[in-house]
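One structure is given here, and the rest of the page talks about it.
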Amino acid sequence: MEGYLIAIFISILIYLLLAGGLALQYGFTGLVNFGHVGFFAIGSYTSALLALKGVPIPISLAAATALAALSAYPLGMIALRLGGDYLAIVTLGFSEAVRMMLQTEEWLTRGMHGLPGIPRLFAGWVEPQKTDLLILILLVVVCVGVFFLIHHIIKSPFGRVIEAIRDNEVAVRALGKNPAQFKTRSLMLGAGIAGLAGGLQAHYLTFISPEQYVPLITFYIWIALVLGGVGSLRGVVMGTVLLVGFLEGSRFIRDVIGGVSEVQMASLRIWVIGVALICVILYRPQGLFGSSPKRSR
Amino acid sequence: MDWLSVANAAINGIVIGMLLALPALAITLVFGIARFPNAATGDYMTLGAYTTVASQAFLGGSVVTSVFGAMSVTALVSLFFYFWVFRALAERSQVARLIASIGVAFAVRSTITFFAGQDQHVVDVPLVRAWNFGGIRLLPTDLYILTTALTALVIVFCIMHLTPTGRRMRAIADNAELAAASGIRSKRVMIFLWSLTGAFCGLGGALLGIKAVVVPELGWELLMPMFAGVILGGIGSPVGAVLGIVTFSIAQEVASLFAGPPYKIVFAFVILLCVLLLRPQGMFGRPMAAR
């Protein structure tokens, strides 16, 4: 029971990191990133492959963060000059292209077989049962750090510019700031956070495969964000807790009602996510915990 | 690589391109008139393919009646989501409609997998031998698919250019405020737009189901190639959508001779980036940045 609770909390914290990155991009800058899982995947595979080659985990995690952030740079440069929804299409294509590469380039990633035996965080420090607790503590520290950083960024001059871009891009341009440059930086920051989350997950699970990085994960994060309320960090946390609660809780529903196969349950779970996305956008655009919409949209 | 396999790949590309021109046209019309990239397009196609399989299995009709049945079902589903979701979001931001369309995509696909499972299905068509012209192979089925797609496209272009509804449609696509100011009421145009979207995606999906196998990811995985084709042609331009997706499909089929089929999505992504970098307005369109 204790082990299960720790696993759930670790899951919440990893989703929370992902949601934090997306909150910076969409909630505070207005960037529609539909390829968040692509940066997450890059982080996982970078850190895992480096650690398997014998690189110490802290360095491999730093490399994962950096590479995920760097991969966002060309996307931002190309799509953000144009505005509109090009970024959504480009990032979605990016995450699918990344997944296809991971599946195909077997010499590097072992393709669909996945990467087993990734070094675990804190392995050998304490007895194996206790490492989960240490990982949980590390994740809490990382999450607090990242959210503190995001909070700090939002309150900084850079944060005021990105919020101004979200609210009125023309005015920002008139003040002599280049919105595309600020947006690209925000995109890279969010991608870096997703990469770090990916690295941490790889060193927790010790096994990764391309199937873990489907676009559905991106939209899990989106539903957490819009459910909690876009543009508030408190909403992000609440939305993520609700999401993981639902994903975990739906496992038990099957035991209770019975007569539903595993495949049907998976379909039902995706159906609820889809319909929830529609309903929140339609009936509660400010989210469950947002007070008043910041934007008059 | 000898020229015969390149020619065969190009022919295959033309067939796939003409077939995908139907949903691509739906994407570009929805973008021009309802003003958002509709991410549910692919899953409407999947619905069309599965409805064809289901109506063959349970009602036992011929392929043609099953395909017509599938088109009506997807048209109704598309209208349902217009009346429930997209009509209410008409005054909201483009992003709101885009996110909602992702929700619609998931809802449609998961409903299909709930009843049909994850296994693959096939549309039951009589097996025929390919005609062989000195090494260039042509399947009679492909010819039927090509003719059907071409007929449907001709009908829609006639409607758009010869009927009052079509003229109103083009007026709204051109300048929505001006159209409203001239007294054009958008309701009938919207109903026509969404029935057409549904029917064309359904037809595209059914034809693809006849050509290949029917799997739950059928439409979703085509979303990227279709967007790439539409943007290549110039988003918002109907002629551009057709020419863009056909050009793109030929290039993709020929390229996959060299790089292998798994790279199709990567290829679509690279083409998309190149077009956005070099000529964001595509072959026939206006760039979105102008808005």
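In case you wondered, yes, glycine gets a Cβ from its N, Cα and C as well.
Heads up, TrEMBL stuff is auto-annotated, nobody curated it.
According to TrEMBL:
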- A:6-24: transmembrane segment (TRANSMEM)
- A:31-51: transmembrane segment (TRANSMEM)
- A:57-79: transmembrane segment (TRANSMEM)
- A:133-150: transmembrane segment (TRANSMEM)
- A:187-207: transmembrane segment (TRANSMEM)
- A:219-247: transmembrane segment (TRANSMEM)
- A:268-285: transmembrane segment (TRANSMEM)
Of A:6-24, A:57-79, A:133-150, A:219-247, whichever stretch has the most CB pairs under 8 A to the transmembrane segment (A:187-207):
A:57-79
What residues in the same chain, six or more past the boundaries of the transmembrane segment (A:268-285), come closer than 8 Å to it by Cβ-Cβ distance?
216, 219-220, 222-223, 226-227, 246-247, 250, 260, 293, 297
Short question: most Cβ pairs under 8 Å with the transmembrane segment (A:133-150), which of A:6-24, A:57-79, A:219-247?
A:6-24
Grab the same-chain neighbours of the transmembrane segment (A:57-79) for me: Cβ-Cβ under 8 Å, and only residues 6 or more beyond its ends, written as numbers and ranges.
35, 38-40, 42-44, 46-48, 50-51, 86-87, 90-91, 94, 119, 121, 180, 183-184, 187-196, 198-200, 203
Which residues of the same chain, at least 6 past either end of the transmembrane segment (A:219-247), have a Cβ under 8 Å from a Cβ in it?
8, 11-12, 15-16, 18-20, 22-23, 26-28, 36, 147, 150-151, 269, 272-273, 276-277, 280-281, 286-291, 294
